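S.K.: Below: one structure in structure tokens.
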Amino acid sequence: MSMLFYTLITAFLIGVQAEPYTDSNVPEGDSVPEAHWTKLQHSLDTALRRARSAPAEPIAARVTGQTRNITVDPKLFKKRRLRSPRVLFSTQPPPTSSDTLDLDFQAHGTISFNRTHRSKRSSTHPVFHMGEFSVCDSVSVWVGDKTTATDIKGKEVTVLGEVNINNSVFKQYFFETKCRAPNPVESGCRGIDSKHWNSYCTTTHTFVKALTTDDKQAAWRFIRIDTACVCVLSRKAARRG
């Protein structure tokens, strides 16, 4: 609104400067040429159109409707800042077999936030060659029943399960990776010298953009999801003889 105000003031000053001076060659009785006023009016109309078309709210304002009937503009999925390789909107469940699980699942009726080429990931991600082992066992799955999550501000929000895109109902999926064992095992991480190190496997998290609701307001928010299983180490205190 302030930009519109300054634009109007500038246009007004231009109009004032265009008025004929009493000591100029233009007779006092003559008016300002009609072409000038036409140009000035055009400038004002352009400023008004820009002010009206400018988004008055953040991107959340483009997500409209009730929590059970959210309609999303498909153009939003082309915005790079909203893309995430771990978020998928689809009318059908993504493949779950170990040889077909792909973050770029692009079957009919699917909209992925990620448009770049990525290698396929198995359900026991990562995959190692013979003789190689991971220090922690992990499992990766597409999660389509997430109802709540913690946003980047630490606040619990409701995750939208379904949205309307081009008059079709799309379900929101998240590709999550976590430790296979829900609790740390006594033996610790695989291959770690337990004589000198304490170790345990734990699930780590990251934040991705997702469609959520909070206080009946639908919006894109960063939410926390499981993304890896890592080994945590701490050196054992040396024993004194």
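Cβ from N, Cα, C; glycine included.
What Swiss-Prot shows for this protein is this:
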SIGNAL    1-18  signal peptide
CARBOHYD  Asn69  N-linked glycosylation site
CARBOHYD  Asn114  N-linked glycosylation site
DISULFID  Cys136-Cys201  disulfide bond
CARBOHYD  Asn166  N-linked glycosylation site
BINDING   Tyr173, Lys209  1-acyl-sn-glycero-3-phospho-(1D-myo-inositol) binding site
DISULFID  Cys179-Cys229  disulfide bond
DISULFID  Cys189-Cys231  disulfide bond
BINDING   Lys209  1-acyl-sn-glycero-3-phospho-L-serine binding site
S.K.: Give the distance between the Cα atoms of Lys209 (1-acyl-sn-glycero-3-phospho-(1D-myo-inositol) binding site) and Asn166 (N-linked glycosylation site), rounded to the nearest whole Å.
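M.R.: Asn166 (N-linked glycosylation site) has its Cα 21 Å from the Cα of Lys209 (1-acyl-sn-glycero-3-phospho-(1D-myo-inositol) binding site).
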S.K.: Using Cα coordinates, what distance in whole Å links Cys201 (disulfide bond) and Asn166 (N-linked glycosylation site)?
M.R.: 43
S.K.: Considering Cα atoms only, can you say which of Cys136, Asn166, Tyr173, Cys179, Cys229 is the nearest neighbour of Cys189 (disulfide bond) among these recorded positions?
M.R.: Cys136
S.K.: Between Cys136 (disulfide bond) and Cys229 (disulfide bond), find the distance joining the two CA atoms and give it rounded to the nearest Å.
M.R.: 6
S.K.: Hey, how far is Cys179 (disulfide bond) from Cys231 (disulfide bond), Cα to Cα, in Å?
M.R.: 10
S.K.: For Cys189 (disulfide bond), what is the tally of other C-beta atoms lying within 10 angstroms of its C-beta?
M.R.: 23
S.K.: If I take the alpha carbons of Tyr173 (1-acyl-sn-glycero-3-phospho-(1D-myo-inositol) binding site) and Asn166 (N-linked glycosylation site), what is the distance between them in whole Å?
M.R.: 18
S.K.: If I take the alpha carbons of Asn166 (N-linked glycosylation site) and Cys229 (disulfide bond), what is the distance between them in whole Å?
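M.R.: Between the Cα atoms of Asn166 (N-linked glycosylation site) and Cys229 (disulfide bond), the distance comes to 37 Å.
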S.K.: Would you mind ranking the recorded positions Asn166, Tyr173, Cys229, Cys231 by how many other Cβ atoms sit within 10 Å of each Cβ and giving me the lowest?
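M.R.: Candidates: the recorded positions Asn166, Tyr173, Cys229, Cys231. Fewest Cβ atoms within 10 Å: Asn166.
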